[in-house]
Amino acid sequence: MKKHELLNKGLFTFFILVIFTLGKNVFLPGVDPTQFENSYETSFSSYVLSLVTGGNLSLPTIFALGIGPYMTSLMIWQLLPLIDKDINKRMSEKRRGTYQKILTLFFACFQGFFTFQTMTAQFQTTGNILTWRIQIVNVFVLIAGAMFITWLADMNVRKGLGGATILIVPGLLFSLPSILHNFGGQKIHFGLLAGVIGWIIVLVLAWVGVFLNHSELRINIQRTGLDNDFANSYIPIKAIPAGSMPLMFALTIFTIPQYLLIAKLQYSSPSILSKFLSFESWQGVLIYASLMILLGSCFAYVNVRPSDIAKDLKESGDYVLEYLPGDATEKMLNKHLLFMTAIGNVFFICITVVPLVVGLWVPMVRPLSFLMSSVIILVTIIDTFIEEVRTIWDRRHYSIFKL
């Protein structure tokens with residue numbers, strides 16, 4: 001192992017974050033930053049999307065899309081095994097990477113085009129009229145920026161710390177204080193007591209998030225090929241088997257149509273679509289809750305994959321006491337996974353949907369949903385980052401890992 005591996009990885013990630021931050025402050029060609037900043041109205045959908053994608057949809061910058069296209073393609077690719085269990089086994093790593101990049105490019109083109117169309121409507125209100133040539137160039141710049149971010153994310157996965165999601169941490173971290181005060185583009189002022197209560201909620205929720213992230217159900221298995229004190233091992237199923245992925249993707253999926261469609265129409269008139277895509281209507285809250293449960297269940301299955309575990313146990317000759325290898329073991333694993341998934345989904349509903357339901361009558365409570373979602377996402381990413389750092393650090397104390 002390299003002597004300074006941890007330092008090198010840390011510096012590499014820092015360098016990636018610096019580039020990413022600088023890119024979010026470079027305006028698109030032909031845009032007058034001063035005129036634009038003074039007149040642009042930040043919609044709530046763009047605010048939320050900026051949080052969960054690390055982008056800056058409130059300003060027309062080259063990195064405005066953030067890792068949105070990357071996250072969308074990643075979600076679809078991770079959920080493909082639900083349709084075809086062996087799809088990843090039939091492809092080489094290089095081929096999978098190529099298909100993922102093509103999928104990312106498709107979503108970058110789609111989001112880049114409609115995002116700039118939304119921005120163009122804002123340009124016209126400022127008198128900053130762009131020629132069609134400049135508009136085409138800017139769409140390509142947005143697409144190129146999204147693909148460059150994808151490359152940065154992949155490079156950080158290979159040579160840095162924290163994976164691709166580390167890119168959204170700075171934005172989330174610095175946005176926590178403003179989430180409660182800028183809900184839906186409206187300034188909400190809280191007293192000192194309310195502010196203290198808000199930070200207490202953040203700290204308690206952070207502790208709960210760390211606790212749940214480390215909690216797991218352990219199913220003991222018998223290793224038939226070993227005959228020592230370490231022969232017994234276990235299959236871990238986390239208390240929240242889906243991780244924080246449902247929180248990120250539910251917000252992204254629910255708010256992208258708001259930003260691309262409703263914002264484009266400039267909220268000219270109420271419509272059925274706006275009701276079903278709003279956090280301020282019972283229809284929208286119901287759809288958001290259903291989406292959260294669906295993603296929580298799907299990602300839980302993808303992360304654990306009971307069928308693969310049962311198959312591997314059968315092929316290796318290992319087994320779980322009182323359960324026959326094969327179908328019986330898989331059925332047992334599915335039962336336990338369903339139970340743990342239910343726990344995770346109940347937790348997600350409590351921190352995200354309950355405040356939205358209460359917010360239908362008490363609007364000041366509604367921002368708590370996005371505050372708590374942001375805290376759990378942050379805790380999960382940072383906790384994973386710390387575990388990765390600890391693993392690299394601990395390897396230095398074992399001679400078996402040293403070159």
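Each Cβ is built from the backbone N, Cα and C atoms, and glycine gets one as well.
Any TrEMBL annotation is an automated prediction that lacks curation.
What TrEMBL records for 12-31, 57-80, 101-120, 132-153, 160-180, 192-213, 247-265, 285-304, 337-362, 368-386 is transmembrane segment.
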For the transmembrane segment (337-362), distant same-chain residues with Cβ under 8 A (at least six beyond the ends): 205, 212, 217, 237-242, 246-247, 250, 279-282, 285, 288-289, 292-293, 296-297, 300-301, 304, 306, 368-369, 372-373, 376
Cβ pairs under 8 Å between the transmembrane segment (368-386) and the transmembrane segment (132-153), at least three: no
Per Cβ pairs under 8 Å, the stretch of 12-31, 57-80, 132-153, 285-304 packing most closely against the transmembrane segment (160-180): 12-31
Cβ pairs under 8 Å between the transmembrane segment (12-31) and the transmembrane segment (192-213), at least three: no
Long-range Cβ neighbours of the transmembrane segment (192-213) (under 8 Å; 6 or more residues past either end): 176, 180, 238-240, 347, 351, 368, 371-372, 375-376, 378-380, 383
Contacting positions for the transmembrane segment (132-153) when only residues 6+ beyond its ends and CB under 8 Å are counted: 16, 19-20, 23, 28-31, 60-70, 101, 104-105, 108-109, 111-113, 115-116, 120, 163-164, 167
